[in-house]
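Peer 1: Encoded as structure tokens, here's the structure I'll be asking about.
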Amino acid sequence: MAPSLTTLGKLPVVRCRLLQRYEHQPFVSCLAGLYGCQWRRYQRTRAMPGDCCCSKLECASFALLIVTFCLTLVFLYFWSEAQNDYNDFDWFNFGNLGFWFPWSVVLLVIAAAFFSYVTLLLLLAVCLLSEGQKLYLHWGHKIGVLVSLAFSILAIAVLSDLCSKEWTTLLLSFQVTAPYLHVGGVLLMTLLSWPIALHFYDINRKVCLCVPVGQALIMGLYLAVLCALYLVPLGMYSPCLKEESTLGLAPALIGHRGAPMLAPENTLMSFEKAVEAGGQGLETDVTISYDGVPFLMHDHTLRRTTNVQEVFPDRTDAPAAMFTWGELETLNAGAWFLHRDPFGTAWSLGTEDRAQAQNQSVCTFRDFLELASQRGKQVIFDLYRPPKGHPYRDTWITRTLEVIQNESSIQSHQVLWLPSDLRSLVQQLDPDLQHTSASRAPVEELQQNHIVQLNLHYSSMSAEMIIEYAAANISTNLYVISQLWLYSLAWCTGAQSVTTNALQFLNNLNRPLFLMTPDEYNLMWVLTDVVSFTIIFIIFIFHWWREQRLAFFSGSKPTLEHGTYIKFRTDVWSVSSVNILGEPARSPLATEPNLATVSEH
């Protein structure tokens, strides 16, 4: 059946509407209001043909906005990936400031707030430019951007000095997040193709972004970044890109000072919780009291994990080793955990657990070894040499060995001996101890010293290193790993064990996060790039076609059969009324309010 006159008449109208650039006055007003607080003056700041999009000051402000966006993004990613070490950062500040406060979380919230603020301003600026509006950043926003920039620079500088290893953590994170960051980057560049193409082909609005030099610069930069993103997977490395059949066993979990998220660290309750959570080993720190009793204490003073300030107010900062065991027994070593809640997990404890934690005392090394012996767990510990003037300063090694051999029931092969002092003497006195080194060394040197395990910071993680040592029957333990992504990376690299604060979380992981076969990743990479390229190609073709049609209509007579035309502000002819059935067309002045009759300004 032949198409009706109404259908034929609608086709030119649809095509013209496709070519029109409609002005969204409320939308533009909202953009200008949010960006420059110009709720009523946005029309006066519109970029007309031949005008520049903004003044030199506003150009500088826009460039500063882009720089601030990049720096806030870098710092936010840097600090969010450093969550594994938040506890150490907070306790470092406690030691310097004298009071507890979750500085790490506050810093993360501030970083996220600044990034969100700057990102919003940048999106507003891009939208305004796409609408052909002049940029005017309100002075209040200018101050906000400068504050965001100063905060990011200062935070990066200070944390780089205090936590320099976190940059290594950042690089490690790329080994698991790079495939997904690649997808996110390609998606962002695909979204940017619309405004880039709009300005590149815009022949009617010659603002500063669209002059030939600006066009070439913007397009060249865009294409360079896009091509780099398309090809970056060629140089990407991730140990988690492997066949699941080649994946080794999950690393054994060693409780760092027990289970410090579930109980006060270095207490019997903490080690019992570590065993209940599935820990295959226990880690602690040993100090010797003034009267020769080895006990568990990480810090050199008692201030952080006991109530020494209440019981011995004049000895708050005295070395822990200078207290007798009788004095140490009078201290409470658990109330601080409920009061300060260092991991934010105290709320999860039941009534009985809270009461038990409240009444914990300083734990002896002997009691620790007995618990490990009864539960069949391996132990590893740091041993601190007493300060000068201490009766056991020169015999601290032999005194510790006496407790292992004569005062506890633990078997020597359950003890991973970490102290490097007098190692030859220790090997003579107890050859069954499993000697562990805290530093990397050539395989030959480690074998000569009878080292069977390395205890290394997780920043030293390397698949090649672990494989090399494993070939010589030397296992690798990484400390302290409490984030799922870090544990997944350690699993993929082949580490035999990790020391952790988060036994209850890591023990429930059945498969490494981000594990992907090479074929799956290649498919994701190629599919992402092909889809992105196709969409970008279509967008550029569409804008080229539309500009060609707009150029044709701008140069033709403003008539269409019985229709009447008027101009939009963009100098594009559009239909204001069409009479298909041959009825007299009404005057534009009589057009009803629902028709687009915007006069030219």
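Residue positions begin at 1 at the first shown residue.
Cβ atoms are placed via backbone N, Cα and C, with glycine included.
Marked as transmembrane segment by TrEMBL: 62-80, 100-129, 141-160, 180-201, 208-232, 523-545. Under the heading domain 'GP-PDE', TrEMBL lists 251-510.
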Peer 1: Calculate the per-residue pLDDT averaged over the domain 'GP-PDE' (251-510) and state the result as an integer.
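Peer 2: In the predicted model, the domain 'GP-PDE' (251-510) has a mean pLDDT of 96.
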Peer 1: What residues in the same chain, six or more past the boundaries of the transmembrane segment (100-129), come closer than 8 Å to it by Cβ-Cβ distance?
Peer 2: 28, 31-32, 34-35, 53, 62, 65-66, 68-69, 72-73, 75-76, 79-80, 82-83, 86-87, 89-90, 93-94, 135, 137, 141, 144-145, 147-148, 151-152, 155, 195, 199, 207, 209, 340, 342, 344
Peer 1: Considering only Cβ pairs under 8 Å, which range in 62-80, 141-160, 523-545 makes the most contacts with the transmembrane segment (180-201)?
Peer 2: 523-545
Peer 1: Below 8 angstroms Cβ to Cβ, which residues of this chain, lying six or more residues outside the transmembrane segment (62-80), approach it?
Peer 2: 54, 107-108, 111-112, 114-115, 118-119, 121-122, 125, 135, 137, 145-146, 148-149, 152-153, 155-156, 159, 166-167, 170
